[in-house]
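Asker: Below, the features straight out of TrEMBL:
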- 216-240: region 'Disordered' (REGION)
- 289-311: transmembrane segment (TRANSMEM)
- 382-409: transmembrane segment (TRANSMEM)
- 415-435: transmembrane segment (TRANSMEM)
- 456-476: transmembrane segment (TRANSMEM)
- 488-511: transmembrane segment (TRANSMEM)
- 543-566: transmembrane segment (TRANSMEM)
- 572-602: transmembrane segment (TRANSMEM)
- 614-633: transmembrane segment (TRANSMEM)
- 645-674: transmembrane segment (TRANSMEM)
Amino acid sequence: MLAASRYGMIAWALFALSHAFYIPGVTYKSYRDGEMIPLLVNKVYSDESELQYAYNELPFACPPSGRTKTGRFASGASISLNLGEVLRGDRITVSDYELRMGQDEEARFLCEKEVDAAGIQRTRLLIQNNYRAEWIVDNLPGATSFLSTDKTRKYYAAGFKMGEVVRKEGEIPEFAIHNHVTLVIRYNRAPGKDGEKGKKVIVGFEVFPKSISADGRTKEGIPKDTQGTTHPMILTVPSNTTDVRDTPGASIKIPFSYSVYFREDETLEWKNRWDMYFVASDDSSNVHWLAILNSLVIAGLLTAVVAVILARTIRGELKDDTIKLKSTRKKSTSTPNKGSGLLGPINDLEAEADITDEDDQELTGWKLIHGDVFRPPRYAGLLSALVGSGIQLLFATIGILILSAVGILNPSFRGGYISVGIGLWLFAGLFSGYFSSRLYATFGLHAWQSNVLRTASLVPGLVFAALFILNLFVWIQASSTALPFTTLLALLALWVFVQVPLVYIGGWYGYTQAGSWSAPIKANAIPRQIPDGGWYTGSIRPILLAGLVPFLVVFIELMFVLKSLWLDKSGYYYVFGFLSLVGLITVLTVVEITVVAVYLQLCAENYHWYWHSFLAGSSSALWIFAYLAYYFFSKLHISGFVSSFLFFAYGALACAVYGLLVGTVGFWSAWLFVRRIYGAVKVD
């Protein structure tokens with residue numbers, strides 16, 4: 001009964017974890033009737049491009065008047081951003097749109113913007129590439145509403161289109177800009193005492209864009225009809241040519257207007273208002289469970305293989321005394337503990353006899369290389385630095401997944417994933433230096449300060465250099481994702497003045513205080529010659545094969561991540577419970593596949609297992625990058641050299657970081673495995 005209850009609690013915990021929730025915020029903002037509500041404009045983005053642009057810097061954007069006061073800010077004022085928001089390309093400013101709680105506006109004139117030929121051409125390209133605008137009211141992104149596939153629920157897709165392509169048979173396509181927006185603010189009664197005072201909270205922000213011609217307006221520029229069918233505002237200039245680039249001095253005037261409607265929605269509470277953005281994700285929960293089932297099947301099969309290796313091969317050989325001497329040995333006085341297994345204490349596994357060099361001819365496989373298996377690898381300093389950086393990434397990733405699964409990190413915390421991730425990564429420098437230095441000492445090396453600097457600078461330096469180069473491409477395109485010089489200096493300062501000292505402290509403690517890990521068996525003075533092995537040793541094939549299994553585990557969930565990042569940027573990926581479960585199964589798979597790969601290599605009498613374990617663990621990153629290439633050509637519609645280059649560059653960088661993380665997991669699993677099996681061997 002206790003066992004059944006325990007398994008039931010575990011199953012319930014996994015089910016609850018998979019349905020991750022979010023914490024929308026500690027406090028809410030309530031509004032009195034007639035109180036000004038700021039409308040913030042952010043950026044424009046597209047599923048067909050990697051380049052984002054600040055909305056206020058677009059050629060058709062109305063210049064801020066600076067008159068409208070919304071709290072502490074006038075229109076045109078920039079909102080302070082956290083580090084994560086800057087890195088994701090946010091550029092939030094206060095707009096001239098006037099929204100007052102509970103006051104509808106049938107139609108209101110905003111501005112008339114004169115756009116030259118170059119601006120018209122750029123606006124056409126934005127419309128052609130399906131760019132969407134992101135506006136914000138009360139921390140909610142303006143959304144386009146849709147019905148779910150079963151027609152029973154409404155859900156939101158963040159952003160709204162900037163225009164549309166008007167195609168007529170036999171004619172050149174025309175481009176219509178959305179110069180009128182209908183803003184629908186959905187509200188509910190504020191909870192608690194604020195509600196008793198008549199205050200309201202915003203639970204929805206819908207945007208319905210429309211293109212209305214400049215003709216047929218009042219003297220104030222207000223369209224006479226905003227609801228019916230109207231002629232669109234076509235982006236063209238009076239000219240005898242069809243290309244605005246042929247008339248550089250030409251321009252058009254585009255009138256902008258808006259309508260505002262407030263509608264009470266008693267069915268949606270403030271704490272659940274973000275649920276509208278997740279309905280589309282909820283519809284795919286069955287597919288996520290399929291991904292979990294797929295991962296469990298693969299992990300279960302692999303676990304069975306590892307169990308055979310551990311229980312029958314290794315433990316069986318030790319139990320049957322196959323490595324004992326047959327003539328000159330004194331019988332061991334210790335009694336084997338048959339209840340202990342491979343993963344028990346080393347002392348409980350010492351049901352073995354001594355091995356001397358004269359018995360080598362009676363030994364085969366992994367037992368034969370006991371005198372070389374703990375020989376330090378080539379480029380031991382580099383391996384120590386990479387493994388230390390992998391520990392740092394592992395800590396930060398686990399922290400982000402936990403905080404996301406319990407709801408602390410969520411889409412309402414704009415830029416939170418990046419900001420908190422950087423903070424966790426900086427703090428994890430302590431663990432990076434500690435493990436790197438202890439491993440460095442175990443390899444018999446002594447320049448620990450150089451190792452600390454290598455650990456603190458190698459991976460972060462390469463990533464920073466790559467981002468700096470990519471930033472140049474983005475900067476040339478005048479994209480909002482181009483990092484300002486001050487942000488680059490801030491990142492550099494965090495690296496030099498925070499991360500490096502923390503790595504140094506951890507490295508000092510790991511090397512001088514904790515010291516090295518003692519090897520169960522001392523390495524021989526002369527390295528043993530490695531015989532020619534089978535196809536599974538000493539080549540790239542076993543490494544690639546080892547990476548295929550973790551890739552199959554993560555494959556289905558990877559499709560959802562890629563869809564959210566590139567194919568449907570208007571949606572939000574917020575199933576971190578499923579992602580955490582898949583990540584946990586992936587780590588288990590990497591551990592097991594690395595153990596199998598290292599065991600096969602040791603059986604082939606190849607004792608160069610250090611780098612082999614790291615590469616076997618990380619090789620699934622190559623399969624993921626190959627899938628990214630397939631995804632780019634088969635699913636995405638990204639156009640332009642810069643956007644395509646950025647896709648592959650960012651994808652390669654992400655795969656490299658992932659490979660470093662799982663490679664570290666593979667290395668430490670092999671480390672524990674090898675020390676455990678050779679810890680059961682006593683040498684004379």
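Keep in mind that glycine also has a Cβ here, set from the backbone N, Cα and C atoms.
Automatic, uncurated: that is what TrEMBL annotation is.
Describe the structural surroundings of these features, if you would.
Answerer: According to DSSP, the secondary structure content of the region 'Disordered' (216-240) in residues is 0 helix, 3 strand, 22 coil.
Same-chain residues lying 6+ beyond the ends of the transmembrane segment (382-409) with a Cβ under 8 Å from its Cβ atoms: 17, 20-23, 416-417, 420-421, 424-425, 427-429, 431-433, 435-437, 439-440, 443, 445, 451, 454-455, 458-460, 503, 576-577, 579-580, 583, 610-611, 614, 657, 660-661, 663-665, 667-668.
Long-range contacts of the transmembrane segment (543-566) within its own chain (CB-CB distance under 8 A, at least 6 residues past either end) are made by residues 47, 284, 287-288, 290-291, 294-295, 298-299, 302, 536, 572-573, 575, 578-579, 582-583, 585-586, 589-590, 593-594, 596-597, 612, 615-624, 627-628, 631, 635-636, 638, 647, 662.
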Asker: Against which stretches of its own chain does the transmembrane segment (415-435) lie, if we need a Cβ under 8 Å and a gap of at least six residues from its ends?
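Answerer: That would be 81-88, 90, 387-389, 391-393, 395-396, 399-400, 403-404, 409, 452, 455-456, 494, 498-510, 514.
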Asker: I'd like to know if the transmembrane segment (456-476) touches the transmembrane segment (488-511) in this structure, counting it as a touch only when three or more C-beta pairs sit under 8 Å and are separated by 6 or more positions.
Answerer: yes
Asker: Can you work out which residues elsewhere in the same chain, 6+ from the ends of the transmembrane segment (289-311), have a Cβ less than 8 Å from its Cβ atoms?
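Answerer: Here the qualifying positions are 18, 341-343, 549, 552-557, 578, 581-582, 585-586, 588-589, 592-593, 595-596, 599.
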Asker: For the transmembrane segment (456-476), I need the partner stretch with the highest count of C-beta pairs below 8 angstroms, choosing only from 572-602, 614-633, 645-674.
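Answerer: Ranked by Cβ pairs under 8 Å, first place goes to 645-674.
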Asker: For the transmembrane segment (614-633), give me same-chain residues lying six or more residues beyond its boundaries with a C-beta closer than 8 angstroms to one of its C-beta atoms, as numbers and ranges.
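Answerer: Contacts with the transmembrane segment (614-633): 383, 386-387, 542-544, 546-551, 554-555, 558, 562, 566, 590, 593-594, 597-598, 644, 647-648, 651-652, 655-656, 658-660, 662-667, 669-670.
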Asker: Six or more residues beyond either end and a Cβ under 8 Å away: which residues meet both conditions relative to the transmembrane segment (645-674)?
Answerer: 50-51, 373-374, 383, 386-387, 389-391, 393-394, 397, 459, 463, 466-467, 470, 473-474, 550, 566, 586-587, 590-595, 598-599, 602, 609-610, 612-622, 624-625, 628-629, 632, 636, 638
